[in-house]
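Engineer: Dumping what TrEMBL says about this protein:
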| type | residues | note |
| --- | --- | --- |
| TRANSMEM | 20-39 | transmembrane segment |
| TRANSMEM | 60-84 | transmembrane segment |
| TRANSMEM | 90-112 | transmembrane segment |
| TRANSMEM | 119-137 | transmembrane segment |
| TRANSMEM | 157-176 | transmembrane segment |
Amino acid sequence: MIPLIQGVANLDRISTAICLENYVAIIGIVMLVPVFSLEQSKEIDEIVSSKSLSQVIVQLIRILMSIIGIVVLIIGFVNVLIYLGCNFPVVEYIIGSFASAMFIGSLGMFFSNLFNNTIIGYMISIGYLILNMMTKGKYVGKFFIMSMSQGSFDEKYWLILGSVVLIIASLLIKPIKRKIR
């Protein structure tokens, strides 16, 4: 789909970064936001929570499978870019794309689980992506998703840290909600 939107052959490092950060990072939204959607139905949530295996462990396995899927898809697309003659630092761009995908995906996953509504998770993630595109990082500071296209990699460390915090918070939301009820 990306080759239909933007050419992907013989890109320089800035054009490759734009391609990876604008389009490939969306993989994080697709893979992470719906992780908790199965338990959003009250009936299913009651059945799953009555089992002896902790629901957090099942959700953690789903998250890990999604993360593996994100890595595989990013590496696959980067290999296509290499095959098409693009010139860029491969490992750095894989890590940077992964950080961007993880952050916008985990942001949506957190809000999806917080409000028990997958659509809200998608809306928050896409809204954050659009905010980054429109303001070029003016309002998001260290959590700028498209920093590689601006020649900076420092923000990617913040994105990875933010992703870890959001994933941990996402896993803790349901147990905290159950204790409050």
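Here the Cβ of each residue, glycine as well, is placed from N, Cα and C on the backbone.
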Engineer: So if I exclude everything within five residues of the ends of the transmembrane segment (119-137), which remaining residues of that chain have a CB under 8 angstroms from its CBs? That is, six or more out.
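Structural biologist: Sequence-distant neighbours of the transmembrane segment (119-137): 22, 25-26, 28-29, 33-34, 104-105, 107-113, 144-147, 150, 155.
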Engineer: What residues elsewhere in the chain lie close to the transmembrane segment (60-84), defined as a C-beta under 8 angstroms and at least 6 residues from its ends?
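Structural biologist: Distant Cβ neighbours of the transmembrane segment (60-84) are 2, 8-11, 16, 19-20, 24, 27-28, 31-32, 35, 90, 93-94, 97-98, 101-102, 105, 109, 167, 171.
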